[in-house]
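Novice: Take this structure first; my questions come after.
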Amino acid sequence: THTSRSWDFLGLSRNSPNNLLNKTNQGDGVIIGIWAESEGFNDNGMGPIPSRWKGICKSEGNFNATKHCNKKIIGARWYIKGFMEDMELNQTMLEKNHNLSAIDASGHGSHCASTAAGSYVNNVEYYGFIMGIVREGAPLARLAIYKICWKDGGTAYCNGADVLAGIDDAIKDGVDLLSASIVSHGIPVIAAGGNSGSDSNTISNTAPWVITVAASNSDREIVTPLTLGNNKTILGMFKEEIFGPLITFENITNSEEIKSLTSEVKGKVVMLFFQHQEDIAVSLKILKTIGVLAFIVASSPFTQITIGVSSIPIFYVDLEQGNQIFAIFNNVNPNPTIKLGRSEVVEGQDVVLKVPKFSSRGPNAFAPEILKPDVAAPGVNIVAATLPPKGYNGFQLMSGTSMAAPHVSGIVALLKAAHPHWSPAAIKSVLVTTAWNEDTYKSEIFSEGEGNKIADPFDFGGGICNPNGATDPGLVYDMDKNDYLNYLCSLGYSNDKVYNATTEKSTSSGIICPNEVPSRLDLNLPSISIPNLKNSVTIKRTVTNVGNVNAIYKVVIKPPRNTVIEVSPHILKFDSKTKKISFEVKITSTHQRMSKFTFGSLAWNDGKHLVRIPIAVRKQ
């Protein structure tokens, strides 16, 4: 599950000469702009900074450009005027409470930057585990840092004006891709989908020009056998071997209640139940001072967990496992004991792939015709570089879609190196159409949450990213600025507002939006979402051949439940003169009542490539 493994899981092993990582010289020459002093940012083996780079590293506050910038980190800027105005702060207040420089104050930005393009670090140890070589997606790509978020009272604020100022500078500086939430000037943008799952309609960053990323796990877990007094063993995670008396509390909710337990818990293994990440940190801080033997955290499945430096062993179990332990403690043994065994690494098919509960889900509440998320990538228990005071040996374990998105940024950096002329839309297309899902992966992929189920497009879009498949996709669903202008027009914005947002020149009549705005259903996206199907609807898509010049593709349809799908033409023939072909998709409901969304897929197969897009349909 860690970055010493997650890139291997995605097929980008350092030792495979023919994969995307090595074919692109590990992303050398690509510049990633990201919102982010670690060995993870060393510049060993890197060549000169690209001559086209126009950005700066400026010494300010406690940021020393000579010390903190190198051939890996080639740009660093910060933006605070919007935040300053929002919070009504003067300069004296700013200087007292905030680190006025590009230095990361929380570790989150460093972690994200490291995951996308961190350098090779050998023999990494993390809490007693030898992680081996930790490296990230595009180890020879460069990083430019644009710090636009600030903390106030523990809450992060990212003012819109500061974000836009950072993006403007990133474009002028010459970045090749952005980890942000707006696209401009042909630069791909990768954004986290959010951590508000598993409820529906929680996905964020839903614009069609953004690659919106959900989280998955990968095929490695570190598990610890917890053997109870009745010899029942539960697998949790993770620390050294411990044996001792067990005590559990189900309804402890605040720090004062925990402090009152001092005499009861000293010298024992303590288990507490949690619903919120911040409560874990508060409880740990107290428990460390009162002499507990070990601490078991029972929380929702794959709730975001950030492990800090701790003097006592910490183990994690999900709520179901916690309830099993609690039942045995209360009903079976009046003096229960527990053995916390030595942790083990489980890899490969022994690990069930899933979209974690925290990852935000579709449908897109703003424009449900735009299917979101687009893809998923590893975002559970990711080890990457962090601030020296935090984590362990300069690395920290974090979970969230913020960890998943820079995995995709690293992949996009490699794709940009392999295919520099592909548009942002083409890059999104190849990620979606080649992703791993129920049709293309060797095992089922599940969705955690209420009523665990097989993952569907509202959990992970096209599926989990498959970088090596994406480098040779066969066909792409491409788009240009006119498609995005039509999208903005379809939302009802006036010509003036579209002009202000895009600086697109209007026609001589002052009109950008056409009299008859194309339907959002016809946006040439690598997905189909029909939120209000009445009887039938016909939509249009166009594919561009980027594979063999002479190719014949046949359609493969998996219609959503209670629908019939017809595609015309159902065979696509490409040659030296025919590089683009449009086709129509007619979707007819066979069900008379209103229904929830159901899911299917449409794919084009030439015997080598399976170019698959997800479909979501809801009967009105």
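Cβ coordinates come from backbone N, Cα and C, glycine included.
Features from TrEMBL:
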type     : residues : note
ACT_SITE : D43      : active site, charge relay system
ACT_SITE : H108     : active site, charge relay system
ACT_SITE : S402     : active site, charge relay system
DOMAIN   : 92-439   : domain 'Peptidase S8/S53'
DOMAIN   : 522-617  : domain 'Subtilisin-like protease fibronectin type-III'
Novice: Looking only at C-alpha atoms, tell me how far S402 (active site, charge relay system) is from H108 (active site, charge relay system), rounded to the nearest Å.
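Specialist: With the alpha carbons as reference points, the distance is 8 Å.
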Novice: Count the other Cβ atoms sitting within 10 Å of the Cβ of D43 (active site, charge relay system), across every protein chain shown.
Specialist: 16
Novice: Given a 10 Å Cβ-Cβ cut-off, pick out the one of the active-site residues H108, S402 that has the most other Cβ atoms nearby.
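Specialist: Compared across H108, S402, the most Cβ atoms within 10 Å surround S402.
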Novice: Expressed to the nearest Å, what is the distance separating D43 (active site, charge relay system) and H108 (active site, charge relay system) at their Cα atoms?
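Specialist: About 21 Å separate the Cα atoms of these two residues.
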Novice: Averaged over the whole of the domain 'Peptidase S8/S53' (92-439), what is the pLDDT?
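Specialist: The answer is 81, the mean pLDDT of the model over that range.
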Novice: Based on DSSP, tally up the residues of the domain 'Subtilisin-like protease fibronectin type-III' (522-617) by helix, strand and coil.
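Specialist: Within the domain 'Subtilisin-like protease fibronectin type-III' (522-617) the tally stands at 1 helix, 60 strand, 35 coil.
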